[in-house]
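The structure appears right after this line, and notes come after that.
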Amino acid sequence: MAGFVQKEGMKVENEQQSGAILDLGGLLVHRGYLAKPACQSLVAQLRDVIRAAPLFSPITPSGKSMSVRMTSAGRLGWIADARGYRYSPTHPRGTPWPAIPEAVLSIWRDLVGGNRLPDCCLLNFYGEGARMGMHRDADEAAYSYPVVSISLGDDGLLCVGGLARGGKTARHWLTSGDVVVMGGAARLAYHGVDRIRFGSSSLLPKGGRINLTLRVVGAD
Ligand SMILES: O=C(O)CCC(=O)C(=O)O
Ligand SMILES: [Fe+2]
């Protein structure tokens, strides 16, 4: 097993082999979990999600436009606006979110189990220059289930810190088909996507990166 626990801060690793599970500050990176045909079929299903629930540019409570565009599938979707960050049963245009595609749920079943399925599949689209600042996924009512995060398309530089803001970060280039599980003590670790390598993958004909995060939102 290729261990990847980075304690020294800013060094960037990019291991090429697939199938390894890397431990990145407690986040488990399943390298190459999805092969290209599986990524392609997932993208086709996500196009249906986006058709039903178009991507939008969230505005943070402080009034800034996020550089990622997003939408959701599932019982609840994650939204940001002047009122704050929260889960909503409807898209900003007022319609319910589409169902989470079965192929996405089967990744969750494989890695987490089938007792409880995620309430939300957040879809982030990173176009050229998009990034996501350091944050914790902490808007859920319970943290006993992990967050599962699926990368598709262009490479993205994941940064992982500790449980408090600031301090050293481990960094790792996620590639298409990688799946990250944030669970246990790392469920509330700070993380972000520093930048993407726009056009590094041919999965999306016009370039860009899609990230899906699957989360249990309810308290049960
Ligand atoms: O794009 C990623 O890899 C991470 C996305 C993320 O952290 C989030 O949506 O909360
Ligand atoms: Fe996150």
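Any Cβ shown, glycine's included, is placed from N, Cα and C.
Predicted automatically and left uncurated, TrEMBL annotations should be read as such.
For the Fe cation site, TrEMBL records His135, Asp137, and the single candidate of His30, His191 listed with them is His191.
Of all Cβ atoms in the protein chains displayed, 20 besides its own lie within 10 Å of the Cβ of Tyr87 (substrate binding site). For ligand 1, the neighbouring binding-site residues among Arg86, Tyr87, Asn124, Asp137, Arg165 are Asn124, Asp137, by Cβ distance under 6 Å. Between the binding-site residues Arg86, Arg165, the minimum number of other C-beta atoms within 10 Å of a residue's C-beta occurs at Arg165.
Taking a C-beta cut-off of under 8 angstroms and a sequence separation of 6 or more, Asp139 (substrate binding site) has the following same-chain neighbours: Trp78, Tyr85, Arg86, Tyr87, Val217.
For Asp137 (Fe cation binding site), the same-chain residues 6+ apart in sequence whose C-beta sits under 8 angstroms from its C-beta are Val147, Met182, Arg187, Leu188, Thr213, Arg215. Taking H, G and I as helix, E and B as strand and the rest as coil, DSSP gives the domain 'Fe2OG dioxygenase' (117-218) the counts 5 helix, 45 strand, 52 coil.
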